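Here is the structure we will look at.
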């Protein structure tokens, strides 16, 4: 799954497969007695993909008490991230925002599972084949969006702002932007361009959320960490080959320098606050997250 310039993917290949893995862990979280989040569509996405490793893992129905440490770690990791950004949207829409942009939306189902104020429009941007798969599954599930959903099939390394405008985006209105689980999959120049475009098209009152590790890990470090954390059913997947570890600006500093009011939440501290602390068995891996932050910003 090595990256190349201009590479494309569907839901079972390259970066698309990571969205499917995220869905599998959200599906597992949803089966818990006291889940942090509930995503009733996550299982449907995995099952519809036909991807044997993930579908078999869900079909096994292994009770939470028998999950291995790696599964617990990853399910917790995704549940904490999902809940944090769910709360971000609650705060943004609570301020009166009715325009939402989810970048690299993947199999995000927030438009179907979160309460949205009347009149909210949610734009979902991702690769064409990913959105095609997602739309098919949601139709099969007879899913009803709780806000107006507009899909924008575009590569975020291309002129995605033009595609967003064509879909009806209004830069004069405040916007809630989400870049969840995205930055590591962009080259440094594309990340910089992403924040430049967001800033240039954010009216006063806009919100932004993303995540960042202030001490960037190399692709090799990531692969070592992931290898220790991967459950048996995805041991052969090379996540490290999908990320970019080239030089880039720290978005926390960049956003502050460009007029955003920035707040951060340490990822490990947030996990503990939600009652999902990192397992002590992987202290060396956990250290990679010790300077990882959720970022929320307003302007």
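Residue 1 is the first one shown; counting continues down the chain.
Cβ atoms here come from the backbone N, Cα and C positions, even for glycine.
Swiss-Prot annotates 155, 156 as S-adenosyl-L-methionine-binding residues; of 118, 126, 192, the candidate listed for that same site is 126. When secondary structure is read from DSSP and collapsed to three states, residue 126 (S-adenosyl-L-methionine binding site) falls in the strand class. Residue 156 (S-adenosyl-L-methionine binding site) carries neither a helix nor a strand DSSP state and counts as coil. Binding residues for S-adenosyl-L-methionine (126, 155, 156) extend across at most 7 Å, taking the greatest CA-CA distance. The binding-site residues examined here are 126, 155, 156; by Cβ neighbour count within 10 Å, the least packed of them is 155.
Taking the mean position of the Cβ atoms of 126, 155, 156 as the S-adenosyl-L-methionine site, the remaining residues of that chain whose Cβ falls within 8 Å of it are 103, 104, 125, 127, 154, 157, 158, 160.
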